[in-house]
Amino acid sequence: MFALTAYRLRCAAWLLATGIFLLLAGCSEAKAPTALERVQKEGVLRVVTRNSPATYFQDRNGETGFEYELAKRFAERLGVELKIETADNLDDLYAQLSRAGGPALAAAGLTPGRQDDASVRYSHTYLDVTPQVIYRNGQQRPTRPEDLVGKRIMVLKGSSHAAQLAELKKQYPELKYDESDAVEVVDLLRMVDVGDIDLTLVDSNELAMNQVYFPNVRVAFDFGEARGLAWALPGGDDDSLMNEVNAFLDQAKKEGLLQRLKDRYYGHVDVLGYVGAYTFAQHLQQRLPRYESHFKQSGKQLDTDWRLLAAIGYQESLWQPSATSKTGVRGLMMLTNRTAQAMGVSNRLDPKQSIQGGSKYFVQIRSELPESIREPDRSWFALAAYNIGGAHLEDARKMAEKEGLNPNKWLDVKKMLPRLAQKRWYAKTRYGYARGGETVHFVQNVRRYYDILTWVTQPQMEGSQIAESGLHLPGVNKTRPDDDEGDGKL
């Protein structure tokens, strides 16, 4: 009897111990943090991306780029810091994303369509782009997919474009192409530009951001329908972070954040065209080095990015110190006599004085804008006022407010400026008629020149990298002695 009781007690103890163990194990498993909880606990959102003008790069003021700005807003939503990690190529990017303890997500202008997409998951899309076949101006233009046969083609290894070509090869077995993990989009466009390859495939947004550096490249045709860019997250069944990402992207689209970022980074990329791009590339090499030190000096004195000042100068005069217009404005920064006197400029044709005066005038205008206008919109408003005057700009802001738009956002106010040239609108304003449409183009052009200068002068683009890229970087390429300054008239 005693032995039986002891046996029962041992069994009960064993069952109790087993139950406690299973309970603890179950609690331990239940307490394993989700992907979202890990990010919040660490206080850091790790994001892997690519180094390119359409995604992420660093300039004098720090980190920037479309994907960087979007990821930064997402990190702010989560209440954590953003940590950017860069990948050498797409294969490296996806490898980092799939590795245990790797980044939380990839934000790199990705289009779903890779052959190994099963290893990752994609978010809702946030920007529509079109894959395009790129060729060199002067060569026979391909017009259909079968025209790719017999051409020297290179694309990014592991890209959706490589997957597209793999599908096309099933239809045309004789099609040949190379995939490379040692290049970026900039390199592929340069190779087409100089004739090292015949064709490449890139997305429309990548081309828009880079075409100005390579004026010989052209779009042959769209290679398929438009598709959306998305963020990539590691595979698995943990939806915590994915749900938060999708909610953020949906809200960003609904509340206008995506539109503002598109306007900032892509809203002004089509204003140059072939002739403008080719001419600007020449002037970067031949003219700007003569005046670069003056722009830098003014920028330092006025605590303003010298490249923005240089962009204004190019829009005004094409960096010609003797430029003159029919209205009497003169010099590299095209100052009126009244403005020159107010800024202490005694000789408008002296490039150093003109740059100092124009720069001082721009910064003064910017400082006088309402405090409710914040950067980067503040600089765009200042450019508009520099061109059209503060009074007319204020008319456009009031018009925007009456239309239910935001008078402190350039994206909204620029829609109103062309109305200042239409009687049914300007008749209701305080200051009357103005060529507001020209002002919109002025701001677009300056922004485009500024973007180019920002990219080609970023810190990592130095030395041999510049030579290899083929970009015309002021201060590096030598000025040609036979450069024609022109007759000084616009």
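Note that Cβ sites are derived from N, Cα and C of the backbone, with glycine treated the same way.
Copied over from Swiss-Prot, here are the features:
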- Glu316: active site (ACT_SITE)
- 33-269: region 'Non-LT domain' (REGION)
- 270-490: region 'LT domain' (REGION)
- 467-490: region 'Disordered' (REGION)
- 1-32: signal peptide (SIGNAL)
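In the three-state DSSP reading, Glu316 (active site) counts as helix. The region 'LT domain' (270-490) scores a mean pLDDT of 83 in the predicted structure. Of all Cβ atoms in the shown protein chains, 24 besides its own fall within 10 Å of the Cβ of Glu316 (active site).
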